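Q: Features from Swiss-Prot:
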REGION    1-189  region 'Enoyl-CoA hydratase/isomerase'
SITE      GLU119  site 'Important for catalytic activity'
SITE      GLU139  site 'Important for catalytic activity'
BINDING   ASP296, ASN500, TYR660  substrate binding site
REGION    311-716  region '3-hydroxyacyl-CoA dehydrogenase'
BINDING   MET324, ASP343, VAL400, VAL401, GLU402, LYS407, SER429, ASN453  NAD(+) binding site
ACT_SITE  HIS450  active site, for 3-hydroxyacyl-CoA dehydrogenase activity
Amino acid sequence: MIYQSPTIQVELLEDNIAKLCFNAPGSVNKFDRETLASLDAALDSIKQQSNIQALVLTSGKDTFIVGADITEFLGLFAQDDAVLLSWIEQANAVFNKLEDLPFPTASAIKGFALGGGCETILATDFRIADTTAKIGLPETKLGIIPGFGGTVRLPRVIGADNALEWITTGKDQRPEDALKVGAVDAVVAPEALEAAAIQMLKDAVAEKLDWQARRQRKMSPLTLPKLEAMMSFTTAKGMVFAVAGKHYPAPMAAVSVVEQAATKGRSDALQIEHQAFIKLAKTDVAKALIGIFLNDQLVKGKAKKAGKLAKDVKSAAVLGAGIMGGGIAYQSASKGTPIVMKDIAQPALDLGLGEAAKLLSAQVARGRSTPEKMAKVLNNITPALDYAPVKHADVVVEAVVEHPKVKAQVLAEVEQYVSEDAIIASNTSTISINLLAKSMKKPERFCGMHFFNPVHKMPLVEVIRGEHSSEETIASVVAYASKMGKTPIVVNDCPGFFVNRVLFPYFAGFNGLLAEGGDFAAIDKVMEKQFGWPMGPAYLLDVVGLDTGHHAQAVMAEGFPDRMGKSGNDAIDVMFENKRLGQKNGKGFYAYSVDSRGKPKKDVDPTSYELLKAAFGEQKAFDADEIIARTMIPMIIETVRCLEEGIVASPAEADMGLVYGLGFPPFRGGVFRYLDTMGVANFVALADKYAHLGGLYQVTDAMRALAANNGSYYQA
């Protein structure tokens, strides 16, 4: 053994080829500080051996290296620029040391080689992947750029255009795609991986492969003619900005770094990367996006823990077909859990099966599935007009019409047919779980399971704990949601649960602006373009449906009359009473039609303005700051109330609910990250300016105390 540490082992194989194996404790290899220090020491030990002729990098795990240890990032990025620069220069010195070894090097890549893992393989002369490999630089998804030489080496290996696509999208690349562009030199079966890498090194030692020429190319400026370079980078900037927009600076910064470094050798090019990395690491966007990643890990960790308490869900059932039932059935079956789809009407079953078939056909058309897989998934969905096939289900999801009496009746019925230990969940967006539990003989096996529409696209599931729900029930539904590929957050029962409870105060702020003559299209523009929502409030209400919004608003007003009660009609009422239901009937705030390509089209409709003018008078202009304040303050305060009341367990889970359930702008990180970035005291001062507008604008005592102590919701 040449070197051994808890994370890395180095041994000498036949023919004087050294093997460096990444094998950290735990399930995966990460590039944390300990691993980086071990790699540095291992390379020093290797350099001291005079007989080594080549080096192969391998992994003792199912994956190569999943990337940097992101849990270290926020603390590290809070350091002074000088400290951060010192860290990044030391890290890069290790990668340079690997690249500068006086003999050929190769990486044997299996599973993920992402971020720092990808930058490790780029520092070697040859790269051989097996068929399980996924390679990529996802850093821009975290608001930063690669910091261990990725922006320098990748363009010199696969060309600037290909490298910019990899870096700016942050997507994982399949081995066959990596082979096409030259990021890897061969793709082999997993059992042949190490032997293939060693054979390539033997060929290099025997001078059949010119490893020194390959290495020199990575050390040198890019070989791009000046005019071609200018055209390439100008085109890239336009394309990247069109996708990333102004709120996500990292992809554009990556293009600039590659452009500036194009004429430089390795040393100068790395300095350009370092400076850009440090600048981005200090941004609020990086803090927000890294925060989302860490919050996602926390939520997934909780779900994994729940799996230990959970009942094993081998089969499921959904009551109520149609679009929602079909979506739930598709999601369950496509992720491997067979499901019965039960309805009282054959046309509804046909619609549900049609929805599942449509979603599967789209997967096949995009090359993400095959006709054989599609048939297998459809065979996992059993349509039924009676309860007989439901009796074997481990979990039953009730998804009938959103009406308390109908749901209560269906829940009471299904309880008679299922096994004693089957778990029953209601997919409801507004009806109290405690109320529905009254219709059940065993309320301890019952909880809420709120899917968001469309089911196949929306990642969030709210698992709602009723006062009688057992821990096993909650754990089992959380585990089932995870198995379906969803991100579950557990919330306690209250009107609107968590997501809808905080959404409707936002709509109330919007209604308030319209009642004073605000222009809904202008408000949407501000909330989309400036704040960053995927849809402004008027457009979102049209998509949700004004009938659904009208009903949910009434539920919220009844549940929280002091804050959400109304004294008269608002804009939602005006649209609903004039049968303008949104996209579903082609007219809401906007008018909807289909364009020549069959895609839905949204247009401003003069009729909406006439109706609003008749109800609220002449239009009045509001500036962007006031629009943002008056819509967001109520949502933010209500989110804080949910945390204080224990409806949601932590700021992290609340922020994930907002990002995954509502599309809260990821670059802002969620309500609590947004509050911390803004400063709680600054927010309280802003809210106090609007406190005269009513209870939705009045901060809680606990918020005021936190502001007075200069506190924050996240611990740095």
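Each residue, glycine too, has its Cβ placed from N, Cα and C.
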Q: For MET324, VAL400, VAL401, listed as binding-site residues, tell me which one has the smallest number of other Cβ atoms within 10 Å.
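A: Fewest other Cβ atoms within 10 Å, among the binding-site residues MET324, VAL400, VAL401, is found for VAL401.
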Q: Across all the protein chains here, work out how many other Cβ atoms are within 10 Å of the Cβ of GLU402 (NAD(+) binding site).
A: 17
Q: Spatial neighbours of SER429 (NAD(+) binding site) among the recorded positions GLU119, GLU139, ASP296, HIS450, ASN500, TYR660, defined as Cα within 10 A: which are they?
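A: Close recorded positions: HIS450, ASN500.
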Q: Using DSSP, would you call ASN500 (substrate binding site) helix, strand or coil?
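A: SS state of ASN500 (substrate binding site) = helix.
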Q: Helix, strand or coil by DSSP: which one applies to TYR660 (substrate binding site)?
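A: Looking at the DSSP assignment, TYR660 (substrate binding site) belongs to a helix.
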Q: Which one is closest to GLU119 (site 'Important for catalytic activity') in space, judged by CA to CA distance, out of the recorded positions GLU139, ASP296, GLU402, TYR660?
A: GLU139
Q: Between ASP343 (NAD(+) binding site) and GLU139 (site 'Important for catalytic activity'), what C-alpha distance do you get in Å?
A: 46
Q: With an 8 Å cut-off on Cβ-Cβ distance and a minimum sequence separation of at least 6, pull the same-chain contacts of LYS407 (NAD(+) binding site), or say none.
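A: Looking at Cβ-Cβ distances below 8 Å from LYS407 (NAD(+) binding site), excluding near sequence neighbours, one finds GLU398, VAL400, VAL401, SER426, THR428, ILE431, LEU436.
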Q: Do me a favour and check the Cα-Cα span between MET324 (NAD(+) binding site) and HIS450 (active site, for 3-hydroxyacyl-CoA dehydrogenase activity); whole Å is fine.
A: 11
Q: DSSP three-state call for HIS450 (active site, for 3-hydroxyacyl-CoA dehydrogenase activity): helix, strand or coil?
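A: It is in a strand.
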Q: According to DSSP, does SER429 (NAD(+) binding site) sit in a helix, a strand, or coil?
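A: In three-state terms, SER429 (NAD(+) binding site) counts as coil.
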Q: Which of GLU119, ASP296, ASP343 (the recorded positions) has the most other Cβ atoms within 10 Å?
A: GLU119
Q: On the 0 to 100 scale, where does the mean pLDDT of the region '3-hydroxyacyl-CoA dehydrogenase' (311-716) fall?
A: 95
Q: Does DSSP put LYS407 (NAD(+) binding site) in a helix, in a strand, or in coil?
A: helix
Q: So what sits near ASN500 (substrate binding site) in its own chain, CB-to-CB under 8 Å and at least six residues off in sequence?
A: SER429, THR430, ALA552, MET556
Q: Where ASN453 (NAD(+) binding site) and TYR660 (substrate binding site) are concerned, what is their Cα separation in Å, rounded?
A: 12
Q: Any idea what the Cα distance is from GLU402 (NAD(+) binding site) over to TYR660 (substrate binding site), rounded to a whole Å?
A: 22
